[in-house]
Amino acid sequence: SQYSAVDTNPLSVYIMQPIWNEIIKIVPLWIAPNLLTFSGFVMILVNYFLISFYDWDYTASGTSPGLVPTWVWLFSAFTTFCAYALDSIDGKHARRTQSSTPLGELFDHGLDSWATSIFVLSFFSVCSRDNGKTGVSVYTMYIYLSIVLFNFMCSHWEKYNTGVLFLPWGYDISQVVLIAAYLLTGAVGVEVWQKPFLFGYYITDALVILLIGFSLFLSFPQTLYNIHRAHLKKTLKNDSLYEGLLPLVSPLLLFILLTVWVVLSPGNILARQPRLFLWMVGVAFSNVICKVIICQMSSTRPELFHWFLFPLALVVYAAISGLLGWTEEVVLAVFTALVTAAHVHYGVCVGRQLSEHLNIYIFSLKKRVQE
């Protein structure tokens, strides 16, 4: 199917696109577009692990002065900008080198589905977790992450039904806000997040309100409107309501299971291991959404229950029934490692199958030699 995306965001159209059009001129024509996509993702990962090293439990910024060196925040701003730029020019570069393929589209959206959570998890280090005075509670972090992932899911669910990806306005705005937040933290120090800046509200409160406002009052209604319009025009990909709603079943069940674990955990798992737990949420979500993206691209039907849900249900049951006892954190760590390994393995397998099927290399513009 032909890839089609619509971008109507003024920030993107009038400010960012002209910048990307200049940057792309520097990229050599022999570089594969997927290499740009992947480099951006690697930068996000490196940045995330660097921040995790200085701030494993999200408390470093709650102390004054903060425990994270200034250069780390500046490095965060730099890597976020580079990843944003690379993610924005990979498609342009593919058209420029006439190498647009379904593999490139999947690679781009698949990595985006994972990067989305990593951006959010890195940002939490800026505002730090609640220490009684300032910061954000780990439960707010979980809800915040869920809303961002819900937004991401909506735009791909919409594409599954309409065949068109309407790029959410929130994307460009969130990237610019992230870069500004890192620069601000690098310039002024984490103290800026610990002082009320308007009517007794903190900057973090404003950002949370903005996020929720954007999601619930802009993105989600827009998604429903676009699907409704396609329905009126009779251009919907799926005739029945059941078919149309099918991709939402697994993500919703995933969210329900995770929330049950968070709320009913005897050892208060989210408060004990916020970084591990939230990472696992992001990876599990990414795998579920990758399946939807593949179904939408290949016009196949997603299965009702993603296989992740079964082991997760077992773990959640064992945890909340008290079976795990003190091993709950250990089990979370093992489960997180397995989920991450399974997701990487899945990505590698799909990439290899597509590259063989389409007779192309993932990271090179040379054609494969037919055996």
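Including glycine, each Cβ sits where the backbone N, Cα and C put it.
For 26-50 (among others), the entry in TrEMBL reads transmembrane segment.
Summarising the annotation, TrEMBL assigns transmembrane segment to 70-86 (among others).
For the transmembrane segment (136-154), the residues of the chain that approach it from at least six positions outside its boundaries are 58, 112-113, 116-117, 120-121, 124, 127-130, 168, 170, 174, 204, 208, 211-212, 214-215, 219-220, 223, 248, 251, 255, 262, 270-271, 274, 277-278, 281-282, 285, 289, 292, judged by C-beta separation under 8 angstroms. The transmembrane segment annotation in TrEMBL covers 136-154 (among others).
Under 8 Å from some Cβ of the transmembrane segment (166-187) lie the Cβ atoms of residues 5-9, 11-12, 16, 61, 70-71, 73-74, 76-77, 80-81, 84, 119, 123, 126, 148, 151-152, 154-155, 158-159, 193, 207, 211, 214-215, 218-219, 222-223, 226, all in the same chain and six or more residues away from its ends. Per TrEMBL, the feature transmembrane segment maps to 166-187 (among others).
TrEMBL lists 199-220 (among others) with the feature transmembrane segment.
Among the features that TrEMBL reports, transmembrane segment is placed at 241-264 (among others).
As annotated by TrEMBL, transmembrane segment applies to 276-294 (among others).
According to TrEMBL, the feature transmembrane segment maps to 306-324 (among others).
According to TrEMBL, the feature transmembrane segment maps to 330-348 (among others).
Highest Cβ contact count with the transmembrane segment (330-348) among the listed stretches 241-264, 276-294, 306-324 falls to 276-294 (criterion: pairs under 8 Å). Beyond its flanks by at least six residues, the transmembrane segment (276-294) meets 106, 109-110, 113-114, 116-118, 120-121, 124, 141-142, 145-146, 149, 152-153, 156-157, 160, 247, 250-251, 254, 258, 262, 269-270, 300, 302-303, 306, 308, 312, 329, 332-333, 335-336, 339-340, 342-343, 346-347, 350 of its own chain at Cβ-Cβ distances under 8 Å.
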